[in-house]
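A.B. asks: Have a look at this one before I ask anything.
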């Protein structure tokens, strides 16, 4: 009997892999730059090609590989959602939590708006210039805003006039709720003979008089002791470096609420590079002993995680300066235009003012929607239109000389000019920038938004202002470059949040609520036999499947609603282009070639020792199990988020001084051990 021989698979040649990879680069699917393609699949093109038949041509191979990537990405998103849906991002995407979160955010935003209008109406913002010369006054305005945000009164604002030492020591808040004196039963029955009713009434009248005297005395004491202004803008806080994703904010709040003076908890966004761990700030009242609270929390474990808090220092430089070029009149005019656009965009996004429904038809039409309501945009178009003296220049011949100079080949961008300031424009700009900082937590000169600032220890901590005027002259090229840089860095704040298109969401597995409900009904309609159907949710039996469906819709409507909410939950997660996801799986760099024989290595180091790990001397691969470096600051510097984190593992870059602990040469010779009974040609070394 002859046995048919199985044909061997021809090896994949390097040329075939190269042609396949080149075809991938020409594929329109791969050329599409979409935010959803953040991670490559687990198998690369060469590995995927090994499992294909030889009869598959390059076009079909590219098509299959693209479909494999799409299926892998869709399954990766589904698995990630199922594994993490009960963690931190539930409050960001779940329908119920989204509604509560939006209401809370809108209430906080309206509180900030009320504080800004109070400061504006009471003259706090008059004669306030956002430059370093007015730093003490700027800090005072920020502190006044925080006091009003905390529910302070006009009396509490007087604490800003006291010296710093007096505020730190004597500005404690009022005491707690007074307890009733006399622990006995006030209204209890008094025992006595049955014939002493008149005496009992007389005794009650006397006791009522005594009570009234005591109450009047307490009121007089309260009137005699004047209330002290409370330093509501001063807090103290703890910083926790790592909070695991399974620990919720409510659990941390419930734990810290047991300690006196607790105010609030702030959590940063989960960091994929740090296994979705978060940083945490716990804020307490200024009057508490924060070191004692920190010591009490040292050995407490929350879900098998040690908190290990540290005391968070106060902000050292609350007012920081930027380039003095921002004083120049063309730059100021451009900043007014950008900040007005930003005010309109953020107000419209939050629906702060009425009458914001409309479309933009020309350059300044979007300002007309808010000029009657938002005071900072009143008559703003008067400052956006540029004015020139064209007629005067024409009559005096200045314009002709300028054109002749331009035709003569002189570079206009390299001509130096002095910095021109305009106090009127600066006042309008400062009003816009203070509105952005106090209401929307946007630091314009830093081109950033401080997220969740109301939950942080300092609710108005940092602000960037204009620095001193440049000593030397500036060029038109510098002005143009600065304006271009401002527009580029403010673009993320001006544009709405990124969401996927309907087509891209459908490709990544967007769910349909009706289809998922139909799957739920089908899964809970089980056939037991002929004309016998079971509803596993209740255990009842029916004669037909339509009766089971009707029973589930009528009696188990909450479960059907939960299915619809789960669909909305997943779709909200999927549509967010900045959703949390697994870190990108990058391949290791190729091993470096050994140096030529002519190049000397380290003393006493052979070429085999230098290339022992496949890396050149001084470079090491990432440590297994270690994480990458910490991400950049989210809440600004000086809030416990240190610029240089120390003690964290991982990363291929090792900072600090290199110590001479490399592979050293040993002048001693290697001792050989030989087995005397072994053959002569068997050498172990």
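Counting starts with 1 at the first residue shown.
Each Cβ is built from the backbone N, Cα and C atoms, and glycine gets one as well.
Any TrEMBL annotation is an automated prediction that lacks curation.
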A.B. asks: Would you mind telling me which of 49-108, 109-168, 169-228 TrEMBL tags as region 'Disordered'?
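C.D. replies: Checked against TrEMBL: region 'Disordered' maps to 169-228.
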A.B. asks: Mind checking how the domain 'SERRATE/Ars2 N-terminal' (47-154) divides into helix, strand and coil residues in DSSP?
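C.D. replies: Helix (H, G, I), strand (E, B), coil: 81 helix, 1 strand, 26 coil.
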A.B. asks: Restricting attention to the domain 'SERRATE/Ars2 C-terminal' (466-659), give the mean pLDDT.
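C.D. replies: Over the domain 'SERRATE/Ars2 C-terminal' (466-659), the predicted model scores a mean pLDDT of 71.
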